[in-house]
Amino acid sequence: MVKIGVLALQGAVREHVNSVIASGGEAVEIKTVDQLHDVDGLILPGGESTAMRKLIDQYGFMEELRAFAASGRPMFGTCAGLILLAKDLVGYGEPHIGVMDVTVERNSFGRQRESFETELSVAGVAEAFPAVFIRGPHIVEVGDGVEVLARHNGRIVAARQGQFLGCSFHPELTDDHRMAAYFINMAIEAKEKQFV
Ligand SMILES: NC(=O)CC[C@H](N)C(=O)O
């Protein structure tokens with residue numbers, strides 16, 4: 001069994017923990033840097049990326065999150081978490097963790113639709129996945145080696161680059177746990193590779 005950490009500084013943490021458990025994984029809330037050494041994959045939840053960034057700096061997480069990425073273990077950013085992973089942010093100076101080769105724009109879906117649910121085809125995950133958007137970002141551009149997994153109205157809203165998975169929506173807020181299951185599989189595969 002793989003152990004998945006959920007960065008627990010701010011945002012929709014508990015829902016991700018429940019979703020991982022429902023998919024047959026073990027889940028732990030990550031509150032201290034040391035706990036990162038003990039997990040096979042890491043989920044960066046939705047919430048508010050600027051608030052999360054402040055706490056990341058305050059608790060000395062930044063260097064360790066980059067080291068986590070460099071170790072090859074999978075990372076899954078949902079909504080604000082995707083913003084944290086992106087190498088480039090539209091109109092927003094320096095990136096945060098800056099490891100996934102995508103350019104992300106924040107708050108992409110207009111005011112009257114700040115919050116909505118829609119069904120998406122997510123490659124390799126589901127033909128009709130219930131996607132909840134809450135002031136979500138979208139991916140403007142992807143680098144080489146990034147696979148687009150889903151679009152909404154022509155905009156990229158889910159992508160994967162090897163160990164990195166990102167989506168604009170909140171897969172943990174419904175009882176469809178196929179995104180969590182997909183990520184657990186990424187962690188299983190990455191762990192198996194270490195032992196070959
Ligand atoms: N649901 C979310 O994670 C919203 C993201 C938020 N709008 C941000 O820019 O960080």
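From the backbone N, Cα and C atoms, a Cβ is placed for every residue, glycine too.
TrEMBL lists GLY47, GLU48, SER49, ARG106, ILE134, ARG135 with the feature L-glutamine binding site. DSSP classifies GLY47 (L-glutamine binding site) as coil under the three-state reduction.
Annotated active site, nucleophile per TrEMBL: CYS79, in sequence order. Counting every protein chain shown, 29 other Cβ atoms lie within 10 Å of the Cβ of CYS79 (active site, nucleophile).
In the three-state DSSP scheme, HIS170 (active site, charge relay system) falls into the coil class. Per TrEMBL, the feature active site, charge relay system maps to HIS170 (among others).
The annotation active site, charge relay system is assigned in TrEMBL to GLU172 (among others).
Here ARG135 (L-glutamine binding site) is compared against the active-site residues CYS79, HIS170, GLU172, and the shortest C-alpha distance is to CYS79. Around the Cβ of HIS170 (active site, charge relay system), the number of neighbouring Cβ atoms within 10 Å comes to 25. In this structure, the C-alpha atom of HIS170 (active site, charge relay system) lies 7 angstrom from that of CYS79 (active site, nucleophile). Using the Cβ center of GLY47, GLU48, SER49, ARG106, ILE134, ARG135 for L-glutamine, the list of other same-chain residues with Cβ within 8 Å runs, in sequence order, GLY46, CYS79, ALA80, ILE83, ASN107, GLY136, PRO137.
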